[in-house]
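Just below is one structure, and these are the notes that go with it.
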Amino acid sequence: MVKPPAGGNEGGRGKPARLKTAYGRTPSQQAWLERQINDPFSAKARALGYRSRAAFKISEIDDKFHFFSKGAKVIDLGCAPGGWLQIAVERGVTTLAGIDLLPVDPVAPAHLLEMDFTADGAPEKLLELLGGEPDLVMSDMAPNTVGHRETDHLRIVGLIEIAAEFAIDVLKPGGAFVAKAFQGGETAEIIGKLKRHFDKVQHFKPKASRQDSSEVFLVATGFKGR
């Protein structure tokens, strides 16, 4: 963890902290580190023991849509580093399973699978860990970007589509689907399919999402069945 320079931003006030440029660090990496240090949600996440600022995003989404409850079964796609799972457990969910390519430190009582969700057999293994149909499928999956706008867009759309197809295949009636998206990052075809299977489909941008980011969340509620 990178610590801000002593006295550089005491009490969250004053001038933003600046880091000395480390050898081998690119300008974009430097900017990202400085943004993390000065971001109030990142600082709050560290103070409260959450693994990422994304915990506040799912908190706001749940405050509005009320997904998490003691009896709910929840699947988290792209669950690293575990912030969404932390909030789900904190709000009473006891049956949940997460999957990610990256290793995730335990978040009891969640079952964790270190695997590519798009790999053969991954969805089946995840459902087996959960022990039944989920009430909520949530996806924070994001592709590795290559810097080519059209290619990155197609990768984003592809992951949203995969997550949506999975949700439609496995959800209980009345269930819900939440996925990270980007403005203009999903096709009319995906939205149309979700509208055929859910009572309501909408976009939601939490305050914890950076305002200069195109990040939004696709929220589909009232699953009508396959």
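Please read every residue number as a count from 1 along the shown chain.
Here the Cβ of each residue, glycine as well, is placed from N, Cα and C on the backbone.
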Given Swiss-Prot lists GLY82, TRP84, ASP116, ASP140 for S-adenosyl-L-methionine, the same-site residue among ASP100, ASP152: ASP100
Winner by Cβ contact number (other Cβ atoms within 10 Å) across the binding-site residues ASP100, ASP116: ASP100
Between GLY82 (S-adenosyl-L-methionine binding site) and LYS180 (active site, proton acceptor), the C-alpha gap once rounded to whole angstrom: 15
Cα distance (Å, whole number) from LYS180 (active site, proton acceptor) to ASP116 (S-adenosyl-L-methionine binding site): 17
Inter-residue Cα distance where the pair is LYS180 (active site, proton acceptor) and ASP140 (S-adenosyl-L-methionine binding site), in Å: 5
Secondary structure at ASP100 (S-adenosyl-L-methionine binding site), reduced by DSSP to three states: strand
Count of other CB atoms lying within 10 Å of the CB belonging to ASP140 (S-adenosyl-L-methionine binding site): 22
